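Each remark here refers to the structure printed beneath this line.
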């Protein structure tokens, strides 16, 4: 792994914001999980989804950041093929899981705002568990063929991946055999997941917007707009850089390699750091739970 191509001389400086974002990810998501587990009043569907999101963010961020920082700090660029494929599987599978969970959370907000009296009867614990299991199974079904296909391809020497982690497209460039299937499959899955999930999220928030505009209280409208707006910003940070990095790497080879790599890093590092702040700390129930935990 080369790190960030063309910016190797700046690795030490680039590592500072990456390290800070990783520490925020660990602290924010870890605190969120502890608070939700410790406070029975937070054992509601919304916070169960939030717990799942925190676990996904921790796994996704930890699968790439420690190795990335070791490249930046200690020039530890070597990685075995099995470790590379494992990292690739975790990164992409958990990205698909996060996308599915963002859809589930948008649906949760839709039910809570548009049908509040039936909220707990619609999103029961078995339903929440089934949604979580469905996002996991979808990720496994989508990503397993991709990893097995690359494992079977002969790889050319020198085995140098011009990336800071084992991103699928970057690893695929090492293939000596016919990689058309892997390339087409990867683009198809990314396009399907990104477009289908973002469409469902947009539909949920449009219905929420319609319900919010009918509220008589300006304060209630302002609060709902603030919450939905921050959620949409985090979702945009997750979807846009990820899809841009993939399509640009396929169709715009003249784009500087470091821009492609930085885009791919942004969609894996920024959302896990910001999700606990946007979804968690801004919620009154979470802040109240934190106060109760501190006083106890």
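The backbone N, Cα and C atoms fix where each Cβ goes, glycine too.
Unlike curated records, TrEMBL annotations are generated automatically.
What TrEMBL lists as transmembrane segment is 12-35, 47-69, 89-107, 119-141, 192-213, 225-247, 259-281. The domain 'G-protein coupled receptors family 1 profile' annotation in TrEMBL covers 28-279.
The transmembrane segment (47-69) and the transmembrane segment (259-281) are in contact, since at least 3 Cβ pairs between them lie under 8 Å (pairs 6 or more apart in sequence).
Long-range neighbours of the transmembrane segment (119-141) within the same chain, counting only residues 6 or more positions beyond its ends whose Cβ lies under 8 Å from a Cβ of the stretch, are 44-45, 48-49, 52, 93-94, 96-97, 100-101, 104, 108, 111-112.
If you look at the transmembrane segment (12-35) against the transmembrane segment (259-281), you find at least three C-beta pairs under 8 angstroms, all six or more positions apart, and that counts as contact. Averaged across the domain 'G-protein coupled receptors family 1 profile' (28-279), the predicted model reaches a pLDDT of 86.
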